[in-house]
Amino acid sequence: MSTDNIPTQLGIAGAVAVLLFLLRRWSSRSTLRNIPGPPPQSQWTGNLKQWFARDGADFQRDVSFNYGPVAKIHGFLGRPILYVADPKALQTILVKEEQVYQETKAFFAMTYLLFGPGLLATAGEKHRKQRKLLNPVFSIKHMRHMLPIFYGVLHKVRDAITMRVSDGPQEIDMLKWMGRTALELIGQGGLGYSFDKLVEDGDNEYGRALKHLQPTLQRINVLRRLIPYVYKLGPAWFRRMVMHYFPLGQVRDAKEIVDTMQRCSSEIFASKKIALARGDEAVMKQVGEGKDIMSILMKANSMASEADRIPEEELVAQMSTFLFAATDTTSNTLARILQQLAIHPDTQQKLREEILAANAEEYMAYDDLDALPLLDGVCRETLRVFPGVTNLARTPTQDTILPLSEPVVGTDGTVMREILVPRGTEILIGIQGSNGRKERWGEDSYEWKPERWLSPLPKTVTENPVPGVYSNLMTFMAGRRACIGFKFSEMEMKVVLAVLLSNFTFELTDKPIQWNISGVRYPTVGKDSNVAQLPLKVGLYKKPTLQ
């Protein structure tokens, strides 16, 4: 074949590719054009900048609550994106036909680059094998064995904060302390490794990397959607070189953060592998005494059949995945709880009295701690009203029909009881919309009211359940790809609150707090700061003396 024809052939191929893209775009737009939603802000980026903007919380709430259980926003070049909070539709997407509705290419590419081939970045048979190996170590039975580890960490946190407020109430960045606490809890309970002595100010290398990850990713949010098209470009060394010399500093920052996380995970894995090879005595001398998740996981993997065993690369990736998933989400939720308790001092005092009456500060058995009603209500209500993660998506691998539990009225007045969804359409999972719909939760659904969990939930919730794995909520998602560690997170929050509220009071400062949109929502002082923090006025609680 003559090389003279190559430019012509490339031009034809490019034209065909553009034509196919435009045809697909027209097809999806014509099918979904009748779904209600806000107008595009831009012909090029649609509503993406509004949705993913750092201050996009109001826009997300508007889409979640003002356009019905199914809405439409616009992506690149006007391509429609569905927002789905309808219970029947969610059941179809996440459970009944989960093999049809896959995570987006952007999600898989991003999580692979961040954490490696772990649970978040895999699908199909590889994901099934990983999940099968992981399920036992996240069971309630195993959580019970980890409770002493949790209390041990929290007593160190208690002593450290006590030193800082012994002379009177002080302003303390509780997001930082919750981040250090969550990292140490997953370190000891998950990896059998101590990251932080929790005495000195400051944090360690891994903690700093995690703290800066979400703000850094947020600043390249729209750019991240292009990753599926470039992340396999050339060999790995070439991609790393491109990132190193990329003109945007945030991209280089993200690379350095990922490098730090991967290096730390590899070092921890290597030390655990040596201890396991030496035998039980060496393992018992490690933090967690061999009861941590990774020690049990590595032992189980070594004894698994060849068909079920996973390679070391995937085990290391699980460590990075655990550390990320169990640190930012839980620490930011705990910071949100403390802020809400500062806003609602009566609830704070009632919760404190419940905890003190149960003697939950020093140690409490798993089932007893889990049964404290107001503590449970505070955790559930915060997870309902303020889900930390709201930007999860699926994409159908074929044209499909999405059934609805209630009809949607189209922009032309047509009543739709099902929706034809073209292959490749991005579907945003309506976590916030599902958790807060007035039709399910009542007129006060937007309000933070922990006491709603102290009595039976309304029939509109119990008789029309969503498929979420946790408490009629979508916060931890549903189906085979639901959050595997939600019980770990719930127990962590309850132990933290039991110890902190037994010893300290929390009040607001005069600094304005802004919660920002990112992969995991995070707080800053004001809307312009890039530093994730939540300052609260912390004082010692004076326990009543017994007469």
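Any Cβ shown, glycine's included, is placed from N, Cα and C.
Here Swiss-Prot flags C483 as heme binding site. Marked as N-linked glycosylation site by Swiss-Prot on the basis of sequence analysis: N503, N516. As annotated by Swiss-Prot, transmembrane segment applies to 6-23, 106-124, with the evidence given as sequence analysis.
Structural mapping of features recorded in Swiss-Prot.
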residue : record                      : contacts (Cβ under 8 Å, 6+ apart)
C483    : heme binding site           : A325, V469, F476, M477, S489
N503    : N-linked glycosylation site : R158, I161, T162, E361, L540, Y541
N516    : N-linked glycosylation site : R54, D55, A57, P215, Q218, Y522, P523, T524
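When secondary structure is read from DSSP and collapsed to three states, N503 (N-linked glycosylation site) falls in the helix class. Reduced to three states, the DSSP call for N516 (N-linked glycosylation site) is strand.
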